[in-house]
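Enquirer: Let me give you the structure first, and then I'll get to my questions.
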Amino acid sequence: MSAKMYYDRDVDTQVLENKLIAIIGYGSQAHAHAQNLRDSGFNVVVGLREGSSSKAKAEQAGLRVASIEDATKEADVVMLLIPDEQQPAVYEKSIAPHLTAGKALAFGHGFNVHFGRIKPPADVDVFLVAPKGPGHMLRRVYTDGAGMPGIFAVQQDASGKARDIALAYARGIGCTKAGVLETTFKEETETDLFGEQSVLCGGVTHLIQAGFETLVEAGYQPEIAYFETLHEVKLIVDLIYEKGFEGMRHSISNTAEFGDYVTGPRIITDQTKAEMKNVLGDIQSGKFAESFIKDAESGFPYMNEQRSKMRDHTVEKVGKELRDQMPFINKKELEV
């Protein structure tokens, strides 16, 4: 049975009328949520820590800014959109003391609730709304009059209206224009982490890096290797995004399609899939969450080491030089 998609026509936004929504943070997702909700006619306040460099940006966008504590006190719905590793401490210090009965606590990702790092009181609603794309794109498609697909979930329904509130929120940021699916905190967290690690981030970047290194080590020009293993990825992914695998294969040459069939299984083997299952197991057991939290609490020594190593890789240096010569690439839209 196909999963049900919810659209604008399925949502009654009256549940959020005359309510105040606090967006905690003003990063990639938060700036888009705040501006989209405001432009949809909802009352919004942005909660930021004292001295936050984001205050000027939020105010420049025409948004009211308050401390996290004051925003939580005032608001009926509190959406926590700061980095996962920062949420528990901010929640305990600045949100929990002011999260009174009848309010709703919302998330863009289920990580901290699912892994027990944030435990909301029983007398508040708890839900998540997660657009399936980066914040700058969420904002762009909204201003273009379109929407971005998303998912929503209810963890706790103290008011009996948590689901309606979640859907109204999803409509406010533009997701129900494209359609939203209902899920659970468990499913959203585990599938999101798996997708990021095995395919979207870990899988893609390491596949590109291995391909680039193979060509360069064989004596080919790094610039040519960059075009063949990294630059053209977007062209293929865009075809898959718009038309699926079949549509993509219809759009490429017979040579490329034949190579796809005979070589793909040599790169992504049964062993690769078996390792993907191990990765999923580490996510489900909480092992990945533990390692992430441990690194975060130590100041991210492992992650900073990896960032430094990747920054010095030839593919990054060559890529920067080539991208600087491509005026059609919009670099500013990635800035928050």
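A Cβ is built for glycine as well, from the same backbone N, Cα and C atoms used for every other residue.
As annotated by Swiss-Prot, active site applies to HIS109. Look at Swiss-Prot and you will find TYR26, GLY27, SER28, GLN29, ARG49, SER52, SER54, ASP84, GLU85, GLN86, GLN87, GLY135 tagged as NADP(+) binding site, backed by sequence analysis. Under the heading Mg(2+) 1 binding site, Swiss-Prot lists ASP192, GLU196. The feature Mg(2+) 2 binding site is assigned by Swiss-Prot to ASP192, GLU228, GLU232, with sequence analysis given as support. Taken from Swiss-Prot, the feature substrate binding site applies to SER253, supported by sequence analysis. Residues annotated as domain 'KARI N-terminal Rossmann' in Swiss-Prot, with sequence analysis given as evidence: 3-183. Among the features that Swiss-Prot reports, domain 'KARI C-terminal knotted' is placed at 184-329, with the record citing sequence analysis.
So where do these features actually land, and what's packed around them?
Expert: The Cβ of HIS109 (active site) lies under 8 Å from the Cβ of ASP84, LEU128, ALA130, GLU188, THR189, ASP192, each on the same chain and at least six residues away in sequence.
Secondary structure from DSSP puts TYR26 (NADP(+) binding site) in coil.
Taking the Cβ of GLU196 (Mg(2+) 1 binding site) as centre and 10 Å as the limit, one finds 13 other Cβ atoms among all the protein chains shown.
The secondary structure of GLU228 (Mg(2+) 2 binding site), as reduced to three states from DSSP, is helical.
DSSP classifies SER253 (substrate binding site) as coil under the three-state reduction.
Looking only at the domain 'KARI N-terminal Rossmann' (3-183), the predicted model's pLDDT averages out at 97.
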Enquirer: For GLU232 (Mg(2+) 2 binding site), just count the other CB atoms lying within 10 A of its CB, please.
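Expert: I count 11 other Cβ atoms within 10 Å of it.
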Enquirer: Quick one: of the binding-site residues TYR26, SER28, ARG49, SER54, GLU228, which has its CA closest to the CA of GLU196 (Mg(2+) 1 binding site)?
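Expert: Result for GLU196 (Mg(2+) 1 binding site): the nearest of the binding-site residues is SER28.
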Enquirer: Among GLN87, SER253, all listed as binding-site residues, which has the most CB atoms within 10 Å of its CB?
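Expert: Neighbour-count leader: GLN87.
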Enquirer: Compute the C-alpha separation of GLN87 (NADP(+) binding site) from SER253 (substrate binding site), stating it in Å without decimals.
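Expert: On Cα coordinates alone, these residues lie 48 Å apart.
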Enquirer: Out of ASP192, GLU228, which of the binding-site residues has the smallest number of neighbouring Cβ atoms within 10 Å?
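Expert: If we count Cβ atoms within 10 Å for the binding-site residues ASP192, GLU228, the smallest count is at GLU228.
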Enquirer: How many Å separate the Cα atoms of SER28 (NADP(+) binding site) and GLU232 (Mg(2+) 2 binding site)?
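Expert: Distance between the two Cα atoms comes out at 26 Å.
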Enquirer: What is the separation, in Å, between the Cα atoms of GLU228 (Mg(2+) 2 binding site) and GLU85 (NADP(+) binding site)?
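Expert: Rounded to the nearest whole number, the Cα-Cα distance is 36 Å.
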